[in-house]
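Structure, as structure tokens:
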């Protein structure tokens, strides 16, 4: 690679030579100019996150950072980290969904109306929607692991208190609020960890794998609840079980999870800790990071950490996000791509939670099902949620890869990922409408579950794609971006769970879910507007 010398006394730490320059924002999201000799046969022109970089600092000789991988962790270590975040990602939705099959029982136990007992779901979802804004802001600056430890520890304590709560509805609602605050961290923290470890070209399926945890909540929670509620006096063990599984997650985090936030640990290579721009030591020797040494070790990285080095190259490769403020969230919330995708996702969640909350009630009253049968019926939409996320995530990455092969010198339009959501929204609309009329006319339970499954499939198909899109769009604020999206969708879920019983009474079940289905045409419109205006809105620095 030919180079040009830099003779100025003050210049950017990354001088430009006469080699071809590639902007790394396409596949890396790290704000740095990388120099690439495209004649080098070892360089994959479609894989710009692992490049041979040549960096010139002021007047000093060139230092070589060879083939820096996106992540320094081995496949086994990445799999282990994914296992931990998937498991802990399961805990939040588990806490919310294990409660739902018990609503008819708890209504009798606490001697309250259906609307009042549904309020315990509403306050949980409302808190679950707002709290990630707090966790996400800290996670993008202070680190992932310490927030996992704090939030899961709080989950353990609150579940102990819930298991012994007196039969007073006020106490139950209060503790559910605290439970929601603690458990709301796991999705934004997990999504941030996934983005730390996986490059954008693999981000869709990586997010799909992570979402196995959150999506398993709606599948396993009703079954677990049904088994626990075989004896109606055992409803307190719902929270005892949550305490046990949360404690297991906390142990895994403390013992095995490393810090992954890129502005603190970079790509996880331990060599960064002992490396800096030292001309006396490095003027004649290239610095080779192609054989990284991962920072993974037992019981490590506990606490709020500083960057492992103050070196300017490290800071250029792995920049800190701008200082957080309330205005940061307001700017993110009002950024058109974020608000449009969040509205689309929120309306889908509104419809899904209306189905989820009413299904147990209708199965008990209209079909005379036992608690165990009710729990088993939730398996169908739960499995469909898994399938929607996995198929959508893998297909999204496959379409991206095909596009890059044909346009390898062109930056991939991130909004192209959202094309897939059109199919998901249409499936969700059909599922909602079919579910309502099947209940209205008391059709066979298989028809009810098929339409509920279609709604669940369409929801996660869209949700996975939107999360992947946001993680690429706001690469320095991944947890915050996911938190904003979660805020909108969980607020919508809270409102729907609070009002759905009265809406069904006033409108009739069929017309109620017809309206909920058709309102998702707004979701479809939002996505189409974003795709058609993809060049209009330029990503700002958040």
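The backbone N, Cα and C atoms fix where each Cβ goes, glycine too.
As recorded in Swiss-Prot, the features of this protein are as follows:
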CARBOHYD  6  N-linked glycosylation site
CARBOHYD  46  N-linked glycosylation site
CARBOHYD  111  N-linked glycosylation site
CARBOHYD  118  N-linked glycosylation site
CARBOHYD  274  N-linked glycosylation site
CARBOHYD  463  N-linked glycosylation site
TRANSMEM  80-100  transmembrane segment
TRANSMEM  119-139  transmembrane segment
TRANSMEM  146-166  transmembrane segment
TRANSMEM  169-189  transmembrane segment
TRANSMEM  210-230  transmembrane segment
TRANSMEM  237-257  transmembrane segment
TRANSMEM  332-352  transmembrane segment
TRANSMEM  374-394  transmembrane segment
TRANSMEM  419-439  transmembrane segment
TRANSMEM  441-461  transmembrane segment
TRANSMEM  481-501  transmembrane segment
TRANSMEM  511-531  transmembrane segment
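Swiss-Prot feature annotations superimposed on the structure.
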{"residue": "111", "record": "N-linked glycosylation site", "contacts (Cβ under 8 Å, 6+ apart)": "167"}
{"residue": "118", "record": "N-linked glycosylation site", "contacts (Cβ under 8 Å, 6+ apart)": "103, 357, 497, 498, 500, 501"}
{"residue": "274", "record": "N-linked glycosylation site", "contacts (Cβ under 8 Å, 6+ apart)": "none"}
{"residue": "463", "record": "N-linked glycosylation site", "contacts (Cβ under 8 Å, 6+ apart)": "211, 345, 348, 349, 389, 489"}
Local backbone state of residue 118 (N-linked glycosylation site), from DSSP in three classes: helix
Cβ pairs under 8 Å between the transmembrane segment (237-257) and the transmembrane segment (332-352), at least three: no
Other parts of the chain folded back onto the transmembrane segment (332-352), taken as Cβ under 8 Å at six or more residues beyond its ends: 415, 418, 421, 424-425, 428, 432, 455-456, 458-459, 462-463, 466, 469-470, 473-474, 477, 480-481, 484-485, 487-493, 495-496, 513, 516-517, 519-520, 522-524, 526-527, 529-530, 533, 537, 540, 542
Contacting positions for the transmembrane segment (441-461) when only residues 6+ beyond its ends and CB under 8 Å are counted: 211, 215, 218, 348-349, 351-352, 355, 359, 362-363, 366-367, 377, 380-389, 391-392, 420-421, 423-435, 510
Same-chain residues near the transmembrane segment (146-166), Cβ under 8 Å, at least 6 residues beyond its ends: 88, 91, 95, 135, 138-139, 172, 175-176, 178-179, 181-186, 189, 236-237, 239-240, 242-243, 246-247, 249-250, 253-254, 257, 302-305
The transmembrane segment (80-100) touching the transmembrane segment (210-230) per 3+ Cβ pairs under 8 Å rule: yes
Cβ contacts under 8 Å made by the transmembrane segment (511-531) with residues that lie 6+ beyond its boundaries: 336-337, 340-341, 343-345, 347-348, 350-351, 354-355, 415-416, 418-419, 421-422, 425-426, 428-433, 435-437, 439, 462, 496, 500, 503-504
